[in-house]
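See structure below.
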Amino acid sequence: MIRVRLSFAVVFLALLAAGSAQAQSWASFKHVYSPAGALYQDFIGRPIMTLPDVPPPQQRPSARLVILDAAGRALLFRFRFPDRTFWATPGGAVDEGETFEQAARRELLEETGLTGDLSAEVLRRHTIFTGPSGNRVEADERYFCLRTEGAEIDRSRWEPVEQEMIAETAWLSPADIRALPDPVFPENFADLVDYLKEAPRV
């Protein structure tokens, strides 16, 4: 059987190289006896389709914040777009020349008005998603934890786009987070909050 298959392949390639019309017959024969024949037949009988190039995703290093109040609830933002709604932590892109920690401190002040001592990284996440404008984004996310006594959020530093897309802010317990009807990112965020509530402060 192996010799027969090799013979088919050798004869077919020889006919193809010579431009022989018999190659189509060999391809049809192979199509009957082997799924690979479909490839031969398409190659000889019809032009191969060319798909457009897919641009690579935009690289986006991001610093995000797990902010816990005295009751162990986490601060989440509900983002609203025409095609979807979801919850996520405060945070944003790392500017050029910034470290992840510096970006986290800047985002903390800009998005919440809070200040305080951040922990070391508590989570590192790599994800690819489609942005609001349809662009593909490859994000390298680093999460830092802040524990705070106050729950008042200052929105005065929000950019117009943030005011438009952030529909709600809320302090939520792990049970509240798991009960949300809309997706939460990162997906295991409630588990992370449970862990940080019991973890020693760093």
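Residue positions begin at 1 at the first shown residue.
Placement of Cβ uses the backbone N, Cα and C atoms for every residue, glycine included.
The signal peptide feature in TrEMBL is assigned to 1-23. Positions annotated as domain 'Nudix hydrolase' by TrEMBL: 57-195.
Looking at the domain 'Nudix hydrolase' (57-195) alone, the prediction's average pLDDT is 95.
With helix defined as DSSP H, G or I and strand as E or B, the domain 'Nudix hydrolase' (57-195) counts 32 helix, 58 strand, 49 coil.
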